[in-house]
Amino acid sequence: MNNLVSKFKQQIVLLICCFSFITAAAQPETLSENAEISVLTCGTANEMHTLFGHTALRIKDVDQNLDVVYNWGMFDFRTPNFLAKFVKGNLLYYLDIDSSDDFLYNYTVDNREVVEQVLNLSSTEKSKIWVEINRQLKGNDRYYTYGFIRNNCTTKVVDVLNKSVEKPLSADFPSNNHSYRYILNEGLDHHYFEKLGINLLFGYSTNKTADLMFLPIKLKDGITFNKNILKSEQIINKIDNTNTKSSLNSIYTLWVIVVIALIGIFNKKCILIYFFITAIFSLFLVAVSVYSNHAELQFNALILFFNPLFFIGLVMKNKKILILAILLTAISLVFMGLELILVAAPLIVLNLGYIMVLFLRRNEQIVPLQTLKK
């Protein structure tokens, strides 16, 4: 039975690939004067890969009975070692083509909004875009190595537009003049724990001011800001807003967990267990930083903030190591950035609380050692 299901899935995938190939091969060589090119900005969903929405390019040419969507956000979950490749930074995404009806139907089923911005382009600009995307679709450029910020479905659309239009889109507009981390956090207001996870993993480079449009909503804002390129805008897929957000997926839930964790702050075993956990987490961040090619995962200040020297110093009963650990923690606060501090505030307070007790434990005149051993 399992073999039958597996073969059926393979046939479905083969049919989809064949459809894409036939569709690509059947495209007209040129667009008519009445052709329209628009950017589609798709809303978010609850799956991790949909939290920031999606960007695609629609080309509609009524004169040639053409209405298709070019989508740079395709990937295959069945790729061997998918997660490892994703973290490493060598996972291949690819460009695919679909009919507009099929593309929009999927977003209707998922209850995700789609905003269409028709671009004000000359015939020459339309022709350049048409030639470029079909060149990519039929060539080696169809596949690309995904990057969190600098190589994704949105930046690919920006690249095609800026390569083809007379006046490239500017990334310098008010809602984009923030750090990468700020912009990422802005899109995760109702997904606190996902926001926390991203902030814990991302390093110093995301504290820099954004110099490109890398999220769907920012490209949408950028097109609106660069008024000369916007012809019209409309919502072509409206959504039902009755969905409620989980009240547990908030910073308040983490604060409750932190308060519970602070109960054992004066217990020697709890202190040792806590710093063992933070040591493991710090080493995990080191491993991710060394393993990954993603620039966003490098130079993470939390490696120092949760550094394993606290655990080592406790086990070895070495005050000098503990002093060094405290110094590294203090230095890390300088490089964290306000955005990370605000998002990870409960964990920062928890860690500083345990460090403070550890410090006081080494000054017996302030807090008697026997009190901490109880």
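Cβ coordinates are placed from backbone N, Cα and C, and glycine is handled just like the others.
TrEMBL does not curate its annotations; it predicts them automatically.
As recorded in TrEMBL:
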DOMAIN    33-183  domain 'Lnb N-terminal periplasmic'
SIGNAL    1-25  signal peptide
TRANSMEM  247-266  transmembrane segment
TRANSMEM  271-291  transmembrane segment
TRANSMEM  297-314  transmembrane segment
TRANSMEM  321-338  transmembrane segment
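In the predicted model, the domain 'Lnb N-terminal periplasmic' (33-183) shows an average pLDDT of 96. Long-range contacts of the transmembrane segment (247-266) within the same chain: residues 190-194, 196, 274, 343, 345-347, 349-350, 353-354, 357, 371-372, 374, each at least 6 residues beyond the stretch ends and with a Cβ under 8 Å from a Cβ of the stretch.
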